[in-house]
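Structure, as structure tokens:
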Amino acid sequence: MNSRSKYEVSTLENASTNVRADNNSSVQSSKVVKNVKKKQLSLRTKLAFSVGHVFNDLCASMWFSYLLTFLELVLRFESRMTGALLLLGQVADAIATPLIGIQSDKRYNFLLCRYGRRKIWHLIGTVLIAATFPFLFNKCLGCADRDQWLQFAYYGVFVTIFQIGWAANQVAHVSLITDLTPFSAERVELNAYRHAFTVISSICVYSITWVVLGVSEDNDTERQLGPQDAHLFRNIVFSVLPVGIAFSVIFHFFVKETNPETQETRQNQNTEDTGVPLEALDSYRPRSYSFDINALIHSNHAENNDSKIQRQSHGTDEGKLQFDSEIELNLAENHGEQHLTWKEWLKKLQFYEVAFVYMASRMFVNLSQVYTPLYLQDTLRLPRESIAIVPLVTYLSGFLSSLAMKPVSVKIGTKVTLLGGSIISIITCIWVFFGTTEAFISWQIYIVGGLFGIGGTTMLVASLAITADLIAHNTNSGAFVFGAMSFFDKLGNGAVVLLIQELNPKQNTAINTSDDWYHRSVLAFACGGSALLTLLGLLILSRSQHKLQTSESKAVLKVSEE
């Protein structure tokens, strides 16, 4: 056989090998896509999961918006005691959240936990909430006329149990997302549905409060809240309670949690069937799913993968990469990067700088939510239903502004977005301080409420994005980072509320009713100060990142010169 014939035979063999490889790759990709579709959640499961946090959302809206108002204006508690109760709840939540998270990750074999390691904690939390929440907005049973310290102990027990139940419900529900589906696209979608029902829950609370306070048997809707309105808050609680319980029942009935051992068996079976580990399928992200701000926590790393895939696929013949190429890219990236542990996070300066920014922005949102009802009643002397209308305006404006956050931050950057939100918040607080005219009381207050929502939501969403950027590819320790941010937030906010309540000159609302300027000052200086602290934290963080980038550039330049 001459050399030309040998060359032709060799060429034919190589071509045949390439065809077989392409066919095998095509068959493998086909199997993977079929496996992805088979493992996707049904719409019924997605919706049933999404309503599992409605009970928490209903209670959270009442907790932050009306607890201090109920304790001070209706029960006539001293300000320092109301602050201490709120701090007690925040501390209980901060401690219970990581502990319950650790326990829910463990695998117990006793009969009760076979119901589902996440769902059993969700069920425990639901029972604790249902058993304690009605007592928080009702008079002290058997001790309504006794010493306030005795009443403090009474409410303190229910506050602690309620917050433990709230933490159990929240941790179990969030943790269940990764157990239900291995795909980032579906996790984003679950968070989108979850956020939608959070919005609906808050609107439901404020609407019910508006109706109950605006339409009552005494027909005196122009007056402010007082001890005679205790039954109205009881009616509000018993209106939202059955709604929350009903949605929790739907969640437990329709959502089936997969046993961890069964998950491992399915993962091994998937690898045998397709030759691709199940975690690699996480890179398969259908482009039809919408993006949700709250899902940024769970999908930031996957979005970065998508952008890399799209950039690399731009030059291909058909304008896109094959699915198996996406898997290879995802696996190569995951195996090529070193992930930080929680101990290593504690040694990073930027970890604390970002935590400061997040805590300050969250403090603005929480303080405005807590003290707006007191400001409306104690300072502006507006009708009692105003404590429902203005917060409703604030929440709706904040929700609408959150829809614009992604395109705005893409165009101008996350830090500039945070800067803009801080400036809006500071201007709003200045407006509150000088808002004493009749025009302000009659209609400008609703514009101020809307600006509180826009400024607070912008700062909070941007700070979440900065936190997600800090985590970057360190998704294995991402839960610790966000847990730590939440821990700092809860303790910081609780301590500030306690300080504000301690400094209140009107410690006994039943005796002194002349100091109506205080809650205006709280919104102006405490909320405004939180916005200023957010700006300060942003400047410190930007300077630190600039120094880090400069040092890295010098190191790279030095290496290239050598």
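Glycine is no exception: its Cβ is also placed from the backbone N, Cα and C atoms.
If you look at the transmembrane segment (47-69), the same-chain residues 6 or more away from its ends with a CB under 8 A from one of its CBs are 41, 82-83, 85-86, 89, 122, 125-126, 129-130, 133, 136-137, 162, 166, 169-170, 173, 176-177, 180, 190, 193-194, 196-198, 200-202, 204-206, 209, 225, 233, 236-237, 240, 243-245, 247-248, 250-255, 366, 369-374, 377, 387, 391, 497, 501. Sequence annotations record features per position, and here TrEMBL assigns transmembrane segment to 47-69 (among others).
Residues or ranges marked as transmembrane segment by TrEMBL: 81-100 (among others).
According to TrEMBL, the transmembrane segment annotation covers 120-137 (among others). Listed by sequence, the residues of this chain that lie at least six past the ends of the transmembrane segment (120-137) yet keep a Cβ under 8 A from its Cβ atoms are 52, 55-56, 59, 62-63, 66-67, 70, 100, 103-104, 112-113, 155, 158-159, 161-162, 164-173, 176, 233-234, 236-238, 241, 244-245, 248, 251-252.
The annotation transmembrane segment is assigned in TrEMBL to 149-168 (among others). With a cut-off of 8 Å between Cβ atoms, the residues of this chain six or more beyond the transmembrane segment (149-168) that come close are 56, 59-60, 71, 75, 77, 81, 84-85, 88-90, 92-93, 96-97, 100, 121-122, 124-129, 131-133, 135-136, 140, 143.
The transmembrane segment annotation in TrEMBL covers 196-216 (among others). Beyond its flanks by at least six residues, the transmembrane segment (196-216) meets 50-51, 53-54, 57-58, 61-62, 65-66, 229, 232, 235-236, 239-240, 243, 294, 383-385, 387-389, 391-392, 395-396, 399 of its own chain at Cβ-Cβ distances under 8 Å.
The annotation transmembrane segment is assigned in TrEMBL to 236-255 (among others).
Residues of the same chain lying 6 or more positions beyond the ends of the transmembrane segment (349-367) and with a Cβ under 8 Å from any Cβ of it are 64, 418, 421, 425, 455-457, 459-460, 462-464, 466-467, 470, 481, 484-485, 488-489, 492-493, 496-497, 500, 522-523, 526-527, 530-531, 533-534, 537-538, 540-541, 544-545, 548. Annotated transmembrane segment per TrEMBL: 349-367 (among others), in sequence order.
According to TrEMBL, the feature transmembrane segment maps to 387-404 (among others). Panel annotation: around the transmembrane segment (387-404), residues 65-66, 69, 199, 202-203, 206-207, 209-210, 213-214, 225, 293, 368-369, 372-373, 376-377, 445-446, 449-454, 456-458, 461 of the same chain, lying at least six beyond its termini, place a Cβ under 8 Å from a Cβ of the stretch.
According to TrEMBL, the feature transmembrane segment maps to 416-434 (among others).
Positions annotated as transmembrane segment by TrEMBL: 440-466 (among others).
The transmembrane segment annotation in TrEMBL covers 478-501 (among others). Counting same-chain residues at least six beyond the ends of the transmembrane segment (478-501), those with a Cβ under 8 angstroms from any Cβ of the stretch are 68, 79-84, 86-87, 89-91, 93-94, 97-98, 101, 297, 342, 345, 351, 354-355, 358-359, 362-363, 366-367, 370-371, 467, 470-471, 522, 526.
If you look up TrEMBL, you'll see 521-541 (among others) marked as transmembrane segment. Beyond the transmembrane segment (521-541), the same-chain residues lying 6 or more positions past its ends with a Cβ under 8 Å from any Cβ of the stretch are 350, 353-354, 356-357, 360-361, 363-364, 367-368, 371-372, 375, 415, 418-419, 422, 425-426, 429-430, 432-433, 452, 455, 459, 463, 466, 496, 500.
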Quickly jot the same-chain residues contacting the transmembrane segment (416-434) by Cβ under 8 Å, restricted to those at least six beyond its ends, or write none.
357, 361, 364, 375, 405, 408-409, 444, 448, 451-452, 454-459, 461-463, 466, 520-521, 523-525, 527-528, 530-532, 534-535, 538
